Amino acid sequence: MGRVTEIKHPLILHKLAIIRDKNTGSKDFRELLEEIATLMAYEVTRDMAVEDVQVETPVAMATCKMLAGKKLAIVPILRAGMGMVDGILKLIPAAKVGHIGLYRNEETLQPVEYFCKLPKDIEEREVIVVDPMLATGGSAADAITLLKKRGATNIKFVGLVAAPEGVAHLTKAHPDVDIYVAAIDERLNEKGYIVPGLGDAGDRLFGTK
Ligand SMILES: O=P(O)(O)OC[C@H]1O[C@H](OP(=O)(O)OP(=O)(O)O)[C@H](O)[C@@H]1O
Ligand SMILES: O=c1cc[nH]c(=O)[nH]1
Ligand SMILES: [Mg+2]
């Protein structure tokens, strides 16, 4: 069964409180989401493989550790997932970025695919799927199904706010996928929004409503 980790670091909690505030505008929303993604990446990459390297310091030779060079891909679910990409790239600039475009049909809440462009060697890469919102879990589950169809086997999901329903759906659909979020909220409302949540992440990020 995939692990579910709520990353409750004080810096993340503080920034999340501001991001939830309905009076926070797009500029601050964007900056905070990027910063939180950087902080979350620190935890998400904790198990990355390292290997010994010899480094000559000004004083002596030292046996040090460097990343073992395992290839990584960050895959945002459009649009809102875009807000987390640069924050992770800051720490892992060599990662490739794939894009999966999905929107939720507002009545059925089912995800509809409209775009998919992935690195050619996606099957060889560790994949980090990012989307700030895990509501019903339909979008994340479909994006991961699509990645598996293209051969990806090592996948993590990183979000900001989840509903318990979304966590349950995603762990059932993809028990091999570890989930990292900053908060698991109370519930979904009748319109499929996370309560208390932060509203529509895509619209707040891009100022479209
Ligand atoms: O877990 P789910 O019930 O599938 O809901 C979560 C999805 O809904 C939002 O996207 P939205 O459809 O609003 O698209 P957008 O990012 O373009 O605004 C969000 O960014 C997730 O992708
Ligand atoms: O609360 C929610 C649910 C889905 N998508 C969002 O952006 N917010
Ligand atoms: Mg949206």
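Here the Cβ of each residue, glycine as well, is placed from N, Cα and C on the backbone.
Because TrEMBL annotations are produced automatically, they should be read as predictions rather than curated entries.
For the 5-phospho-alpha-D-ribose 1-diphosphate site that TrEMBL gives as ARG79, ASP131, PRO132, MET133, LEU134, ALA135, THR136, GLY137, GLY138, SER139, ASP200, the extra residue drawn from ARG46, ARG104, ARG187 is ARG104.
The Cα atom of ARG79 (5-phospho-alpha-D-ribose 1-diphosphate binding site) lies nearest to that of ALA201, taking the binding-site residues GLY199, ASP200, ALA201 as the candidates. Among the binding-site residues ASP131, ALA135, SER139, the residues whose Cβ lies under 6 Å from any atom of ligand 2 are, in sequence order, ALA135. Around the Cβ of SER139 (5-phospho-alpha-D-ribose 1-diphosphate binding site), 28 further Cβ atoms fall within 10 Å across all displayed protein chains. The Cα of ALA201 (uracil binding site) lies closest to that of MET133, out of the binding-site residues MET133, ALA135, SER139. With a cut-off of under 6 Å between the Cβ and any atom of ligand 1, the binding-site residues ALA135, ILE194, GLY199 reduce to ALA135.
Closeness to ligand 3 is met by ASP200, these being the binding-site residues among ASP131, MET133, ALA135, GLY199, ASP200 whose Cβ falls under 6 Å from the molecule.
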